[in-house]
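Features of the protein shown, as given by TrEMBL:
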- 67-98: region 'Disordered' (REGION)
- 73-89: compositional bias 'Low complexity' (COMPBIAS)
- 222-263: domain 'B box-type' (DOMAIN)
- 370-427: domain 'COS' (DOMAIN)
- 429-528: domain 'Fibronectin type-III' (DOMAIN)
């Protein structure tokens, strides 16, 4: 029984270690500098909230042509190989100025920072190309010297290195070669020491002997976050600028009127927000996994759909090629037939002209016929020969090739086709239709009319959606009634409810899918049923002889001669009146 419990405990411990190792391995990509793709070393926080190594930032600014603006935002030395005797721990030991000193500084004209030229009218603005967001970030005229170090990220990187390192020893930086393994570190001296070197460089009875040893590390950080402008510890957070500020920054004119809170309040608020967000994410792991499965399925569907789209396009283009090839063969056959016909006619004309040459058969035969002395025989033989000679003589006098050698009539005009092929592109869904308000109305029926914008892809049919807006709202999204596959650019909705407000919209469809909806149009139906009646022209009650009351509730005929003449019998007086309850409508 004990062995089973021990094995279960061992298995759970191994599973936890595997989960921790996997989590740390997955976290590694969050700790890589976007420039060098290595672990962050002294990362700086850019105004766009992304991080970059300080050395990488200097190199990027150097490539951009900025010289002398890549200074360290911290006043402390950054080279761990320098001897501790060359550093002064007092560089980072500045006490917070008292309020009376702040007043004196302000009265004395405090408002510049080290390195700034007084009276500079046009300070240089340094732009840094952020490799993470691919945008140019403005660093101000101080460059990297005005940025904060991300000490939290440095601590995370250090903890990660300690958790994944296997026997990675840190060597003493002050030993003579070969160096020994470091056993202590000094934040004030910013170096790692073995036991002997630590005692050597921290002699008893000196100020350095008061330095507190720490664990050896490759990255030394200041004890607190310091303001890059005044080298004072930050104590407040400016919500307007979204920047940490010190006491001196707080009283400067640049922050006058800004909403500044203590850093403790900002810390607590951001920590609560981050905790809530992280708790929500951890509490919805099943949802995240479900969405990942949906995205993976979408990826597979995208791959299949993309391959199908490629095959469809290839098939259509091959179809176009087949049609062009068939057309090419037909055109070439027509040219070939025309060419053979012309060659035959020209060859016959050549043969006819060759017969006129001296020594040819026709000329020789004519000469022999002329030697005939028998008159009847000569007439019999020379009659046919004379016709041939006459035609040849006429052709000789009015020479013209029997066929043209030009094939200009066979030239193709492919300008329109080339334009169509050049503009050949994927079909786009129709744009949002435009409601024609001049032709759209609501009466006893609702008539909706629309049109597509210019240069919009065509729509094969439309979908009209409508709903009442004056009914009590139902839980959930608004439910629309639809009229599918409407042909043309108008639709008629019959039997609407009276005294109601209808909202309507329409969208087009083609092979590319549905387009955007048109703007909603609101139509108010009449408050009562519409009265339909027809006027009998035999009584002279035409549309022109009717008058409507001012309240639009009654209609009466206008007395006149046409009304009397149209009656079956002579009337001495006539007056027609119709009371209309609700809305009236007239049709002649």
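Cβ from N, Cα, C; glycine included.
Note that the coordinates shown come from a computational prediction; the quantities given were computed from them, not determined experimentally.
Helix, strand and coil residue tallies for the domain 'COS' (370-427), in that order: 35 helix, 0 strand, 23 coil [DSSP]. Secondary structure of the domain 'B box-type' (222-263), assigned with DSSP and counted as helix (H, G, I), strand (E, B) and coil, comes to 8 helix, 11 strand, 23 coil. Mapped onto DSSP classes, the domain 'Fibronectin type-III' (429-528) shows 0 helix, 46 strand, 54 coil. Averaged across the domain 'COS' (370-427), the predicted model reaches a pLDDT of 80.
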